[in-house]
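Structure first, then comments.
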Number of protein chains: 6
Amino acid sequence: MDTENPLSTVWPLPVRGEPFHRADAESLRRMDAISAATACAKLHTMGITRTAVQGPTALETGSRVVGSALTLQFMPQREDIASGHGQEYIERDTALWAVLETVQPGDVLVVQAWGSAFTGCFGDMLVRYFKRRGGAGIVVDGRIRDAARVRRLGVPIWCTGTTPHYASQTDLFPWAYDVPVAAGGVLCLPGDVVVADDDGAVIVPAAKAPALIQDAEDHEDWESFSRMRLEQGARLSDYYPLSANSRAEYELWRDSRPKLPAQ
Amino acid sequence: MDTENPLSTVWPLPVRGEPFHRADAESLRRMDAISAATACAKLHTMGITRTAVQGPTALETGSRVVGSALTLQFMPQREDIASGHGQEYIERDTALWAVLETVQPGDVLVVQAWGSAFTGCFGDMLVRYFKRRGGAGIVVDGRIRDAARVRRLGVPIWCTGTTPHYASQTDLFPWAYDVPVAAGGVLCLPGDVVVADDDGAVIVPAAKAPALIQDAEDHEDWESFSRMRLEQGARLSDYYPLSANSRAEYELWRDSRPKLPAQ
Amino acid sequence: MDTENPLSTVWPLPVRGEPFHRADAESLRRMDAISAATACAKLHTMGITRTAVQGPTALETGSRVVGSALTLQFMPQREDIASGHGQEYIERDTALWAVLETVQPGDVLVVQAWGSAFTGCFGDMLVRYFKRRGGAGIVVDGRIRDAARVRRLGVPIWCTGTTPHYASQTDLFPWAYDVPVAAGGVLCLPGDVVVADDDGAVIVPAAKAPALIQDAEDHEDWESFSRMRLEQGARLSDYYPLSANSRAEYELWRDSRPKLPAQ
Amino acid sequence: MDTENPLSTVWPLPVRGEPFHRADAESLRRMDAISAATACAKLHTMGITRTAVQGPTALETGSRVVGSALTLQFMPQREDIASGHGQEYIERDTALWAVLETVQPGDVLVVQAWGSAFTGCFGDMLVRYFKRRGGAGIVVDGRIRDAARVRRLGVPIWCTGTTPHYASQTDLFPWAYDVPVAAGGVLCLPGDVVVADDDGAVIVPAAKAPALIQDAEDHEDWESFSRMRLEQGARLSDYYPLSANSRAEYELWRDSRPKLPAQ
Amino acid sequence: MDTENPLSTVWPLPVRGEPFHRADAESLRRMDAISAATACAKLHTMGITRTAVQGPTALETGSRVVGSALTLQFMPQREDIASGHGQEYIERDTALWAVLETVQPGDVLVVQAWGSAFTGCFGDMLVRYFKRRGGAGIVVDGRIRDAARVRRLGVPIWCTGTTPHYASQTDLFPWAYDVPVAAGGVLCLPGDVVVADDDGAVIVPAAKAPALIQDAEDHEDWESFSRMRLEQGARLSDYYPLSANSRAEYELWRDSRPKLPAQ
Amino acid sequence: MDTENPLSTVWPLPVRGEPFHRADAESLRRMDAISAATACAKLHTMGITRTAVQGPTALETGSRVVGSALTLQFMPQREDIASGHGQEYIERDTALWAVLETVQPGDVLVVQAWGSAFTGCFGDMLVRYFKRRGGAGIVVDGRIRDAARVRRLGVPIWCTGTTPHYASQTDLFPWAYDVPVAAGGVLCLPGDVVVADDDGAVIVPAAKAPALIQDAEDHEDWESFSRMRLEQGARLSDYYPLSANSRAEYELWRDSRPKLPAQ
């Protein structure tokens with residue numbers, strides 16, 4: 001086995017994808033007022049139908065994050081390439097460590113881990129380091145470990161559960177980063193926008209963000225009007241969604257409001 | 001497409017079942033002291049064996065509701081009849097909106113949504129309206145969305161999870177209400193009694209409620225006696241369940257008690 | 001049916017295994033500082049690869065227990081041997097009641113219940129009694145009932161969910177105790193050490209405990225050093241895991257520390 | 001229990017839907033040349049996206065049927081309404097027997113049985129009777145029993161497996177017929193066209209059949225041209241699908257052919 | 001490790017249960033005319049409701065066996081007790097080899113293998129030996145390997161699939177024989193009667209066989225009468241099941257028949 | 001959208017990996033005598049433990065193939081990159097068409113399709129073309145369509161089922177070829193050796209083939225000796241696996257044989 005890089009004999013690891021552009025700060029700032037549900041619905045009407053990551057749920061109720069996607073991909077473990085039987089000496093050289101050294105403030109790490117019940121992709125030490133580098137959140141189609149300590153770190157995480165297993169203990173191995181990944185049946189390119197909350201995580205294609213934001217801001221605004229009317233006793237079918245009449249009423253209300261940021 | 005009712009061309013929607021009787025108030029009041037577990041066990045001994053809704057769990061720990069069942073049924077979406085691609089203009093005319101306009105105080109909405117992971121049957125606006133009309137709780141064999149806002153509304157909900165998808169975004173469509181439904185493998189007729197708590201939701205056939213209540217009140221009462229004895233150091237097998245001896249002891253204790261309502 | 005023991009006609013129940021040795025107190029005490037994740041990782045490097053119970057999760061976030069395994073085994077119900085149709089008069093004579101009468105302080109009950117969604121293995125009364133006898137925790141590859149009351153008892157429980165069903169209501173029946181069991185794909189012998197926390201439950205073969213403890217204490221210690229360095233801004237790959245250099249640095253730090261118990 | 005109709009006390013069973021029109025004979029005849037795969041693809045391009053019944057597979061390799069849908073719906077069993085504990089005296093009065101008395105030659109029975117592994121919806125006697133009445137095939141989202149005998153009858157059947165259980169032995173009960181049903185996630189109205197082969201069953205909305213047929217006949221025709229060219233050694237990308245050039249070539253070939261029905 | 005028995009250090013393996021009585025030859029002979037479906041239905045009406053093994057299906061269509069149950073139990077593998085990493089030297093000493101040395105002509109081996117997709121419980125050599133000893137069939141809640149060769153041996157097998165893995169390659173290890181086992185959710189005691197055909201495998205409690213046979217023979221007989229009438233054009237509801245009238249007609253037919261063994 | 005390549009706007013597709021070496025002809029020839037089960041077992045003893053593809057089964061009983069792996073990878077569909085809504089004009093430009101144009105005689109196509117039930121990766125036309133180019137077999141962790149026609153082509157295929165859907169109709173899209181893929185939980189590099197039969201498909205790392213062959217040839221040889229002895233009435237434990245004594249006996253037999261190729 002090559003002493004320089006013990007992973008390199010059969011297939012050179014880690015694989016690193018091409019450089020990519022992170023989502024722009026202004027998009028991320030405005031997206032902050034938009035729920036995962038609204039993002040998902042608006043993308044659907046824009047023709048992008050597979051955006052909600054299936055499987056991972058918020059580790060803590062009340063979690064929420066918006067950020068630019070940084071990606072990590074696991075593949076099935078194979079002992080002639082790399083395995084986790086001596087974790088201390090192997091994982092250090094993998095995509096798992098490598099991607100963490102590239103985290104920039106605000107990044108959301110999106111991880112293809114095949115929904116494995118046996119792979120604890122991140123534990124206390126790695127999440128701690130991720131946080132120190134400014135990482136904003138993690139969406140992993142797999143499990144985490146050291147859950148009690150990880151919870152205390154306060155990094156919002158969407159995962160498929162917890163496990164005592166470490167990342168390469170059983171079935172998977174960190175393979176690549178900065179590459180397109182599939183998480184919970186959704187494609188995520190590096191630099192896409194991730195919006196995640198208690199409903200789950202939604203991947204917003206980077207180029208779709210501006211149109212989505214405009215549409216969603218209007219939506220969140222008229223919904224707040226509808227909500228007010230419903231609280232005042234109005235009939236659901238008259239105000240949600242807006243009818244022609246109530247849309248007109250809303251627009252009057254909207255235009256006569258003092259100007260404030262949405263939400 | 002018919003402009004009066006855009007859903008009516010192939011099959012007239014929404015379907016509405018026959019008028020039904022809600023469970024009587026006295027039954028509901030007395031049922032309030034009975035846990036889902038006791039209701040399920042007693043129905044089993046009365047020969048009704050499939051009463052515990054499989055799948056949906058309490059959105060919030062500590063939830064509890066007893067009420068009369070109002071039913072809603074989803075069916076697979078088909079674009080020649082109805083689909084959710086333009087939600088604002090379609091869902092308003094469906095059974096989902098219609099059933100909400102019939103909610104009466106204390107109703108528990110029981111929803112057949114096939115356990116779909118892709119259907120967010122209710123969001124903030126609908127649950128808000130449901131609550132305003134006095135709805136007591138929701139048992140949905142499917143998911144909800146806007147979970148963060150919905151939680152704040154405080155309506156007890158049993159569901160199979162959360163999702164960013166809206167009700168008719170993907171695979172299902174609201175079809176009928178006031179009809180028999182199947183939720184989590186259990187049949188629910190309109191007007192049945194729903195008892196739901198942290199153990200899950202149980203459907204009590206309306207006509208079985210009186211006998212169940214009588215049996216359960218006795219059960220809850222002797223269990224409180226057993227609990228007391230166990231706390232005093234008694235042997236489990238002597239006091240749970242009651243033996244002939246401890247039953248006699250319990251009856252003495254019961255009959256010598258000052259008369260108070262059970263529990 | 002035999003009036004002495006109503007279960008005995010076809011197959012004598014309950015089955016009780018051979019007497020066994022509980023894990024020694026000193027091992028349990030030292031194991032208390034070791035997480036399920038560390039135990040699982042160390043056993044893996046020691047060649048024991050299937051130790052993490054799949055399925056059961058902590059009923060309450062923040063649960064943690066270490067104890068000696070007491071085992072209980074369910075088998076599929078069959079009416080000619082035993083069934084739960086008259087629970088009060090049958091379950092009392094089963095392995096479920098019998099094992100509870102043998103609980104010793106610090107025991108962790110490990111239950112083979114086939115991951116059944118229909119079997120509420122323990123309810124309020126049984127957990128209450130278990131607690132009174134000093135039971136430390138329960139790991140059940142099945143469900144519990146009376147969850148609201150059980151939560152208030154504060155006994156740490158790992159289970160696959162809650163259900164209104166009682167233990168022998170539907171598909172399973174208590175069969176044996178003090179026998180080897182399989183829980184979530186892991187073998188547990190009576191007297192093995194159970195370590196369970198928010199990551200899940202790990203079964204430690206009794207004879208492996210001493211070596212595991214020694215290895216794990218060292219691990220937890222250098223990790224606390226690494227954690228400190230990471231918090232001080234060090235690079236992940238330099239300090240986690242320790243390199244030759246940082247190992248030397250750690251050992252200096254460790255040996256110059258005032259002597260205190262690990263963690 | 002009502003001696004006239006033992007099912008009628010709580011809810012009048014069986015439920016029968018409105019009269020419906022069977023698919024017209026000419027459509028069925030022309031559809032006979034179209035595979036389930038082509039029907040599914042063409043409906044997709046026509047905007048009907050959920051047509052392929054998930055779960056049921058052909059009981060015998062090489063099965064194929066086209067016919068008009070006759071529908072049957074099971075619901076969860078509940079002992080206060082109806083249960084199968086005395087099958088000989090109960091099932092006779094259910095929708096299962098009733099629908100069989102309405103079978104017309106060429107009908108394909110489509111059955112909503114929730115994919116149950118415990119419900120053997122049809123056995124030898126019922127399939128025998130179905131065949132005698134001219135039934136063309138069965139698509140059941142559930143299981144069948146008496147599989148050895150049923151196979152010998154030669155009726156093409158798509159099901160989710162076999163089981164020794166009879167229809168109402170365990171979890172479901174025949175509830176309604178001539179109603180819209182959901183089978184394997186697909187809506188089927190009475191009178192829709194069913195096309196089933198080794199790929200599975202596809203539900204064609206009755207009103208979409210004419211357009212589908214026209215589109216599919218063209219498709220099957222140019223595919224036969226492409227197939228010929230590929231066999232002659234042509235490059236896949238040049239002939240499948242047709243390019244502008246090969247489309248022109250095909251049209252020449254088509255128009256110069258002696259006129260024969262497609263396939 | 002003990003050189004006499006390499007499995008004995010931690011737990012003495014293999015475990016062997018008590019001696020048992022095989023089902024009597026006359027019962028087995030008469031049961032031969034009864035289908036799995038009829039056995040299952042009749043046991044249900046006799047109050048034994050969980051008899052149909054879930055999961056395993058016939059490896060070859062048209063398989064059928066009746067025999068006395070010989071049992072084998074796998075448990076999760078644990079390397080400190082036994083593992084399959086050096087199969088040639090370990091499996092020979094396990095319950096898998098041991099049970100094969102006890103096979104008697106007509107035995108049906110019933111195997112608890114947890115439905116594992118990774119365990120090929122039997123391959124060519126073991127099935128070959130089983131056949132040589134007169135084994136009649138195998139019902140295994142797990143997989144087999146060497147399927148092509150095994151099929152040629154002609155031993156009827158019900159299993160959950162095929163796999164290239166050998167028995168102790170991955171997750172399970174042969175543990176005990178001549179003990180009660182659970183296969184596909186059904187309890188099987190050594191010496192019970194197994195009836196398996198294309199519908200699946202049914203476990204008949206030994207003591208229930210005589211009553212079942214009598215009931216089933218009558219059932220198979222009147223069904224053959226009903227079948228005849230249906231073929232003659234009778235109405236389903238008049239002859240299946242028999243009404244009071246058609247029962248009388250059947251009894252006349254039966255009693256006037258020349259006396260022949262049923263079916 | 002770019003008219004040259006309609007897929008290229010957001011992410012350039014198809015992705016093609018680096019050139020690779022096919023497995024050498026001599027290895028493939030000798031591997032032809034080795035079963036998937038033996039390959040899997042021998043790799044396990046050589047330390048390669050995850051080699052058996054989970055999920056895909058032989059479309060036709062009796063299938064068998066050995067060949068060099070050619071790889072194809074699907075990813076979740078996203079409409080801003082590529083979708084199958086106009087299949088005729090899109091799929092032609094994807095990795096699915098591209099990989100077929102690179103097939104060389106003897107290749108086995110290994111496809112990462114995520115086990116999707118909705119994706120019919122190959123139909124009649126594509127398999128037909130694959131066969132014309134000399135393709136030897138297909139292992140697809142997904143479904144195929146046009147199953148009746150595909151079966152007649154005689155190309156051995158391992159898949160997770162059939163479906164009427166075409167490749168990009170619903171959830172996935174052809175993304176890359178000549179890249180490492182994961183199929184059924186197993187890593188496959190381009191140029192690995194695929195051995196598939198009725199037990200399933202096994203991926204043999206190319207560099208491990210020579211050692212595997214040597215080991216397996218010996219194994220198949222002594223097994224044929226054991227098989228002979230068992231047929232002659234020997235005791236299983238004496239001849240399978242070989243003991244020291246029977247190994248010696250085998251070696252005498254082997255060495256005294258006329259020299260013939262194994263099997």
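Using the three backbone atoms N, Cα and C, a Cβ is placed for every residue, glycine included.
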C:Gly123, C:Asp124, C:Met125, C:Leu126 show up in TrEMBL as binding substrate; which entry in C:Arg145, C:Arg151, C:Arg152 does that record put in the same site?
C:Arg145
In sequence order, which residues at least six apart in the same chain have a CB under 8 Å from the CB of C:Asp146 (Mg(2+) binding site)?
C:Gly120, C:Gly123, C:Asp124, C:Met125, C:Val127
Validating a neighbour-count step here. Other CB atoms within 10 A of the CB of C:Asp124 (substrate binding site): how many?
22
Fewest-neighbour residue among binding-site residues, criterion Cβ within 10 Å, set C:Met125, C:Leu126:
C:Met125
Could you find out if DSSP has C:Asp124 (substrate binding site) as helix, strand or coil?
helix
Compute all pairwise C-alpha distances among C:Gly123, C:Asp124, C:Met125, C:Leu126, C:Arg145, the residues listed as binding substrate, and give the largest one in whole angstrom.
10
Under 8 Å Cβ-Cβ from C:Arg145 (substrate binding site), six or more apart in the same chain: what's there?
C:Gly120, C:Phe122, C:Gly123, C:Thr162, C:Thr163, C:Pro164, C:His165, C:Tyr166
